[in-house]
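Taken straight from Swiss-Prot:
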type	residues	note
BINDING	20, 27, 156	xanthine binding site
BINDING	128, 129, 130, 131, 132	5-phospho-alpha-D-ribose 1-diphosphate binding site
């Protein structure tokens with residue numbers, strides 16, 4: 001997605017060897033017009049897949065997921081990373097390791113929001129090692145629902161997340177694919193769209 005790649009080049013900042021900071025439009029401050037375009041692109045791609053729910057993990061996946069769900073006219077569910085006293089029965093959980101934060105969290109979704117009839121599109125901000133998506137898949141499958149596909153805003157193609165998910169049989173669609181960082185610049189791999 002050229003619009004996204006251009007924004008990454010303009011406002012993204014490389015930290016170290018493998019971290020791209022995009023807090024000015026995705027991971028802290030949100031550019032709603034860009035997120036709306038991202039949501040439209042995902043919705044167009046998956047319009048024929050019969051999606052009934054969009055699922056993400058808090059926090060930075062929420063913006064692209066909500067605009068995708070809006071464009072598909074389906075509910076969006078986000079997995080919570082912190083235990084909540086109001087979520088006390090029928091909770092589906094999985095362990096998720098965060099590459100950026102270097103911590104493992106128990107993420108959860110109330111089981112009442114997913115059913116065996118649901119066809120789910122997972123949307124997330126980044127794909128690195130695939131652990132967030134893997135945790136969401138576990139939760140969705142605990143409910144008996146089906147993961148139709150995984151939509152990623154920014155994929156770190158130099159990490160193994162995509163291979164892990166595709167080898168497990170889950171289609172991955174990434175709007176921007178980072179091949180590497182070179183001389184302080186992002187080098188893109190051809191994106192899926």
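Note that Cβ sites are derived from N, Cα and C of the backbone, with glycine treated the same way.
Annotated features taken from Swiss-Prot, shown on the structure.
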residue : record                                              : DSSP class
20      : xanthine binding site                               : strand
27      : xanthine binding site                               : coil
128     : 5-phospho-alpha-D-ribose 1-diphosphate binding site : coil
156     : xanthine binding site                               : strand
If you count the other CB atoms within 10 A of the CB of residue 128 (5-phospho-alpha-D-ribose 1-diphosphate binding site), including all protein chains displayed, you should get 22
Taking Cα-Cα distance, which of the binding-site residues 20, 27, 156 are within 10 Å of residue 129 (5-phospho-alpha-D-ribose 1-diphosphate binding site)? 156
Quick one: of 20, 132, which of the binding-site residues has the smallest count of other CB atoms within 10 A? 20
Cα of residue 131 (5-phospho-alpha-D-ribose 1-diphosphate binding site) to Cα of residue 156 (xanthine binding site): how many Å, rounded? 13
Measure from the CA atom of residue 130 (5-phospho-alpha-D-ribose 1-diphosphate binding site) to the CA atom of residue 156 (xanthine binding site) and give the result in Å, rounded to a whole number. 10
Are there any residues in the same chain, six or more apart in sequence, whose C-beta is under 8 angstroms from the C-beta of residue 27 (xanthine binding site), and if so which? 21, 60, 125
Within 10 Å of the Cβ of residue 131 (5-phospho-alpha-D-ribose 1-diphosphate binding site), how many other Cβ atoms are there? 18
Would you kindly give the Cα-Cα distance separating residue 20 (xanthine binding site) and residue 128 (5-phospho-alpha-D-ribose 1-diphosphate binding site), rounded to the nearest Å? 11
Which residues does residue 130 (5-phospho-alpha-D-ribose 1-diphosphate binding site) neighbour through Cβ under 8 Å, counting only same-chain ones at least six apart? 160, 161, 162, 164, 165
If you measure residue 132 (5-phospho-alpha-D-ribose 1-diphosphate binding site) to residue 20 (xanthine binding site) at Cα, how many Å is it? 17
Among 20, 27, 156, which the record lists as binding xanthine, how far apart in Å are the two most distant Cα atoms? 15
Excluding 128, 129, 130, 131, 132 themselves, which residues in that chain have a Cβ inside 8 Å of the centre of the Cβ atoms defining the 5-phospho-alpha-D-ribose 1-diphosphate site? 97, 99, 127, 133, 134, 159, 161, 164
